[in-house]
């Protein structure tokens, strides 16, 4: 039995053809060899494009046409938007692509990939986004396959003010290399101002792909540097304008929290959203805060400054273009450079002191403690560009039609007797009035979705404003007349002051749409009770729901509540499912892979 020849461009003849050549070879003289050489060379002496096409034909005969897989792993939507842009960019170069979210990617088949592009953000303490957790755990495990045939590139998105800047991208890049993958292009770690980095990276990466991939016969031509942005109705950089219908405080007067329910009219925007999505809001800085900063730096509000090739007043620039409520190590370092302040020089020379100073010192306080006369251009050179903030949508469009609702917790910090407010949360809760306009866009959260099967039970776990998406969920279940059971765990400090949307939840309980509600009030008694305590208390029943196919949803703080909840879920599975901790962890990971465990954490 003859073995098949591994037919490829480096050895492009089948065994039968080689045998025929051997027969000819036996009966030829040296002169005939020379003539045959010239004859075949003449046939081969064609245009490069023709040769490339013929070469490609060889690949098509024995292999499927190579597809470039583009994976987005996004926390706030930036990675997803860049992945969409890069996908369109490649398609315009006649490349075959497969654009997919990390949550939908079948990572166990990664060994079959030839080209893989990963665009990934980092959350928390250097962790991958929620939708990439399963992929991350798999690729870091002993189960990960060798990737000698893989050509890859990683584009990392992050915030340079964090110690573990772009760590998720770094981890994937290192691991792909350890498994034998070949990097098409050096990994790019990009801060929030990523546009110019992306354009250069995308062009260089296309060139790198073209050196290896000849699956198309088109001649490469340099693209317009603008690249292609998907023509969505509304995006982060092309937001819709909504009108405020209602802005109502929903915590009690004695509450330690200030939470507002905000309703926006989207009648004229044709915006479409789904329960689980987030609403992006472009906020404006407080006029009072701007005036305080300018006064301390001896800058007139009418001074002109250049922003994005436009000349505007410094007041207008600070109002809409720069962050004023967030301090970072880079801002402190830049402010130290322009002021040459001795105290700040000592701070930045010690990383531990610098980290502590960042946590305790807002931008305004730093300037107040160390004022210096600056020019308007010097001021904006140290600031970060303003970013929109994302809020979980707390309404179902099926119920609310031309409205979108959000639940906003005001960020407050008291430092040295002064209250410092969050820029976006204070803008939404305190400055927006009825009929005011606000710029918005929808950030799709495809990995935080209700089950398609309306008979499937769901378990919702949230604390504080983490209840917001579950209000949308229950409205949708009501509209769909879903028959699946619904159980919510909710925690906040006090029953009388902090029971968000109390009357609505009681209504759903009364009509038996809400099957069960487990409440945790941390300050209503001496011993603090949190949602994880309620999970432990109801562990046996929760395990029964899981065995009935229930999907689990968690929304809230990533570093505290969500971690404590996950730890308790692992313990519940271990105790009630007769598993050790490793088996329990594997069980939870399988729930995540099958979309039965979904989180929206921040």
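Backbone N, Cα and C define each Cβ position, glycine as well.
Note that this is a predicted model, so its numbers are computed, not measured.
These come from Swiss-Prot:
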- 68-206: domain 'Flavodoxin-like' (DOMAIN)
- 74-79, 121-124, 157-166: FMN binding site (BINDING)
- 237-451: domain 'FAD-binding FR-type' (DOMAIN)
- 325, 359, 389, 390, 391, 392, 407, 408, 409, 422, 423, 424, 425, 602: FAD binding site (BINDING)
- 522, 523, 528, 529, 530, 531, 532, 564: NADP(+) binding site (BINDING)
(message) Of the residues named as FAD binders, 325, 359, 389, 390, 391, 392, 407, 408, 409, 422, 423, 424, 425, 602, how far apart in Å are the Cα atoms of the most distant pair?
(response) 26
(message) Can you give me the Cα-Cα distance between residue 121 (FMN binding site) and residue 564 (NADP(+) binding site) in Å, rounded to a whole number?
(response) 23
(request) Go through 325, 407, 425, 522, the listed binding-site residues, and name the one with the sparsest Cβ surroundings, counting other Cβ atoms within 10 Å. (result) 522
(message) I'd like to know which of the binding-site residues 162, 165, 391, 530 has the most other Cβ atoms within 10 Å of its Cβ.
(response) 391
(request) Tell me, if you would, which residue among 529, 531 (binding-site residues) has the fewest other CB atoms within 10 Å in the structure shown? (result) 529
(request) Round to a whole number and give the Cα-to-Cα distance in Å for the pair residue 528 (NADP(+) binding site) and residue 74 (FMN binding site). (result) 34
(request) Tell me the Cβ contacts of residue 74 (FMN binding site) under 8 Å, same chain only and six or more apart in sequence, or just say none. (result) 80, 83, 101, 120, 121, 129, 131
(request) List the Cα distance (Å, whole number) between residue 531 (NADP(+) binding site) and residue 77 (FMN binding site). (result) 28
(message) Give me the CA-CA distance between residue 391 (FAD binding site) and residue 564 (NADP(+) binding site), in Å, as a whole number.
(response) 22
